[in-house]
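Peer 1: I'd like to ask some things about the structure below.
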Amino acid sequence: MPIQVVSADFAKTATRPEEWPRGATPEIAFVGRSNVGKSSMLNALARRKGLARVSSTPGRTRALQFFDLSYRPTPAARPRAIRFCDLPGYGYAKVARAERDRWTAMIEDYLRDRDVLRAVVLIVDARHPPSESDEDAAAFLVSAGRRLVVAATKTDKLPKARRVLALQQVERALGLARGDAVPFSAVEGTGTDALWARLAALAAEEPQTAEAEPPA
């Protein structure tokens, strides 16, 4: 049964740990290459257009963006709180090196140190094999002890006959079991319920972290 979203609101922007939201609300982070469809995914999950700003300009997100949501896993359940964190996209070459380095440090600090972080959604473009940056991100998250969910976006741009093969390509490249990657299309509205089901289950678990070194 689909998750019922009760409310979804922008919470705050943060660039330093002292600005991160306080409290015990479980968080799910979203990371991926610039222009891979993170904002569209967040809006689809929130059942609210315009919650996260969708831009045609890659690299617009330059800070951590937090969103507070309330949802019911079943119609009879009491509302539960969850927080989404939209991380700056990686792989945007037109950003100055110093700025990219600042983003990288900010993201790595969050992914290592955030004690309420329950899982990270790594978003990849289903039309292409995962990039080296995608593979590095997956390796870093695993080494950090973070629970990883891979979502393959823009499946609507692929012929239906190619979608299964495209997902298998993503899974092989990132070392996932068959069926682990979630196919997602904000245009077709597919994958939202499947992704929500995973995130709600992970939000109910205790956080899990480990010491990590940045990928070489």
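Easy rule for this one: first residue shown is 1, then count along the chain.
Cβ atoms are placed via backbone N, Cα and C, with glycine included.
Below, the features straight out of Swiss-Prot:
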- 32-39, 59-63, 86-89, 153-156, 184-186: GTP binding site (BINDING)
- Ser39, Thr61: Mg(2+) binding site (BINDING)
- 24-205: domain 'EngB-type G' (DOMAIN)
Peer 1: Let me check the 10 A CB neighbour count of Lys38 (GTP binding site). How many other CB atoms are there?
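Peer 2: Excluding its own Cβ, the number within 10 Å is 26.
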Peer 1: Round to a whole number and give the Cα-to-Cα distance in Å for the pair Gly32 (GTP binding site) and Ser39 (Mg(2+) binding site).
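Peer 2: Counting only the Cα atoms, the answer is 11 Å.
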Peer 1: Does DSSP put Ser39 (Mg(2+) binding site) in a helix, in a strand, or in coil?
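Peer 2: It is helical.
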